[in-house]
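Features as listed in TrEMBL:
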- 304-482: domain '3-hydroxyacyl-CoA dehydrogenase NAD binding' (DOMAIN)
- 485-578: domain '3-hydroxyacyl-CoA dehydrogenase C-terminal' (DOMAIN)
- 618-699: domain '3-hydroxyacyl-CoA dehydrogenase C-terminal' (DOMAIN)
Amino acid sequence: MEVGADGVAVITIINPPVNSLSFDVLQSLKESYDEALRRDDVKAIVVTGANGKFSGGFDIMAFGGIQGGHVQQPKPGYISVEVLTDTLEAARKPSVAAIDGLALGGGLEIAMVCHARISTPTSQLGLPELQLGIIPGFGGTQRLPRLVGLTKSLEMMLTSKPVKGEEALGLGLVDAVVSSHELVNTARRWALDILARRKPWVASLYKTDKIESLGEARAILNFARAQVQKQAPNLKHPLVCIDVIEEGIVAGPKAGLWKEVEAFQEVLKSDNCKSLIHIFFAQRGTSKVPGITDRGLVPRQVKKVGILGGGLMGSGIATALILSNYTVILKEVNEKFLEAGIGRVKANLQSRVKKGKMTQEKFEKTISLLRGVLDYESFREVDMVIEAVIENVSLKQKIFADLEKYCPPHCILASNTSTIDLNLIGERTKSQDRIVGAHFFSPAHVMPLLEIVRTKQTSPQIIVDLLDVGKKIKKTPIVVGNCTGFAVNRMFFPYTQAGLFLVEQGTDVYRIDQVITKFGMPMGPFRLADLVGFGVGIATGMQFIENFPERTYKSMLIPIMQEDKRAGEATRKGFYLYDDKRKANPDPELNKYIEKSRSISGVAIDPKFVKLSEKDIVEMTFFPVVNEACRVYAEGIVVKAADIDIAAVMGMGFPPYRGGIMFWADSLGSKYIYSRLEEWSKIYGEFFKPCAFLAERAAKGAPLSAPVELAKSRL
């Protein structure tokens with residue numbers, strides 16, 4: 001705290017890098033306030049944050065400490081009621097929050113306690129707690145609705161999306177917007193103006209002008225409940241948040257504060273909260289790769305990127321790059337294909353314009369970063385090349401041999417292959433140390449995951465460079481080893497296989513998809529097979545079958561359907577029928593294909609599979625995935641079990657509130673999963689046989705995600 005000659009005490013939150021809050025920081029804030037209120041030379045108070053950031057919110061690591069009983073919590077209500085409400089908001093001296101950079105979670109809650117808020121135009125203000133499985137716990141559920149209205153506050157809390165300073169001003173969340181160099185001085189003057197009654201002295205908790213009548217408020221809250229139950233039926237904490245907001249409107253803000261205190265403690269202990277906090281840290285940990293990122297290597301600058309192939313993947317990758325200001329040269333084999341590729345990129349950007357996410361001016365500027373070519377001449381000045389052509393070994397080998405001739409010696413040579421061994425791809429080159437996998441997921445400009453695939457020869461510098469590019473194009477990168485299907489496709493190959501097994505045993509296709517969607521996946525295995533197209537699945541599948549025949553469930557269902565030109569959404573019929581708007585509808589004719597497949601495989605309907613419980617459908621679908629994930633981990637294809645969780649969540653849509661595939665498996669226990677797989681393998685064969693790693697962990701009763709002694713063959 002520093003007191004100026006004007007009588008304004010400036011209290012600064014200093015806890016780098018984002019001025020996160022902890023019980024110590026909050027206690028220190030209270031002590032500074034108490035001192036300011038005692039001192040006769042202090043007339044008013046400004047609260048701000050050091051180094052251009054107000055506060056990024058409560059330290060998330062402390063939540064894990066509270067859950068594990070390692071962090072001592074103050075008595076319930078001490079922070080939100082005693083400190084923030086009864087000390088800061090009720091102070092007899094006015095206070096103004098001077099907000100720059102971030103004011104998120106507890107940071108915004110402190111700002112809302114002040115009697116006015118001044119912000120910079122680019123500041124981000126929000127309450128993102130729900131994405132961690134908790135609710136605002138320092139009065140945010142009560143003050144935000146009173147400052148911005150019920151509808152906007154619900155949107156901000158339920159979507160966890162912040163608003164910028166300019167929008168916050170329009171909403172009434174801040175009182176003025178000024179440049180960062182004017183911020184603190186403006187806040188000082190504002191605080192003195194409040195003292196002199198030239199500006200209003202507002203206690204946010206007791207504002208009522210933005211709150212609708214009780215009947216209207218209840219209608220808005222009930223609509224929000226219905227939306228939550230429709231979009232996130234497995235999550236309880238959004239409904240808890242709505243209940244807490246309602247309590248404040250019906251019984252008054254103090255009652256709402258106490259309800260918030262009680263509800264916060266309840267949701268903090270929930271499995272969903274533990275899972276989401278695990279994913280939060282796992283996502284941030286993917287860029288730390290032992291033996292690579294701890295060498296002190298600095299990423300080299302990548303300015304210009306060449307892309308080979310303007311199909312669905314190539315155009316998506318080009319879109320992702322130009323959106324992050326990379327210059328892109330797109331190569332195709334002829335004018336027709338080149339025009340189509342550039343057209344796809346334009347369509348991707350125009351979709352953003354249509355949704356209001358991009359201005360026409362920004363569209364023109366972004367598309368100007370893309371240039372189409374038909375030869376390799378322009379590749380002499382690129383820093384990275386990403387090959388995104390069809391999965392054909394000899395074609396890729398020829399391309400990489402050509403690239404070596406034209407690209408500069410520092411150029412990263414990357415392939416977007418999802419199935420082919422990178423050693424095979426680079427067989428005809430002398431640059432194996434520059435060859436790396438950059439496996440994007442479709443659509444590449446939307447899906448958040450990037451698998452960086454390394455071989456034994458790939459240089460650590462290349463990995464560091466690609467991690468940097470991944471971060472700049474807003475992807476979460478995971479570094480994986482070179483094997484069939486890498487991490488995501490290999491791990492989830494048994495997902496569809498298990499579905500095919502259940503169907504041939506007698507379980508209904510549409511019931512399986514329904515149960516798996518209810519579990520939390522964006523879609524079930526059969527809807528997914530239709531979406532990606534049987535061809536894509538088979539490309540990965542053939543590699544998997546070739547390498548791991550004993551781990552394949554040999555069903556003829558997909559080949560039989562393909563013979564009849566049923567290949568999924570692209571052909572308007574697969575496991576579902578599709579109308580003009582690509583809406584999926586069950587197909588009564590599907591049964592004839594299933595019966596034909598059963599007769600070829602010699603499988604008879606098992607009555608117990610016709611009425612299989614939801615629990616059994618979930619376990620028989622996902623336990624083979626867990627089994628394969630264990631192999632991926634044990635073989636050192638990934639360095640950390642948490643990377644597998646991120647791969648599952650961001651590559652396949654596994655529900656983040658279950659913590660990822662390994663975290664979820666650990667919640668059930670290695671012994672239980674092993675015993676179920678062992679039981680099924682004795683009845684139904686090798687497909688379900690638990691791997692050695694799972695057997696070893698089960699014997700010890702150890703978690704699957706504990707660190708492993710990595711295989712000697714590991715990279």
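In case you wondered, yes, glycine gets a Cβ from its N, Cα and C as well.
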Rounded mean pLDDT for the residues that make up the domain '3-hydroxyacyl-CoA dehydrogenase NAD binding' (304-482): 95
The domain '3-hydroxyacyl-CoA dehydrogenase C-terminal' (618-699), counted residue by residue under DSSP: helix, strand, coil: 66 helix, 0 strand, 16 coil
Number of helical, extended and coil residues in the domain '3-hydroxyacyl-CoA dehydrogenase C-terminal' (485-578), per DSSP: 64 helix, 5 strand, 25 coil
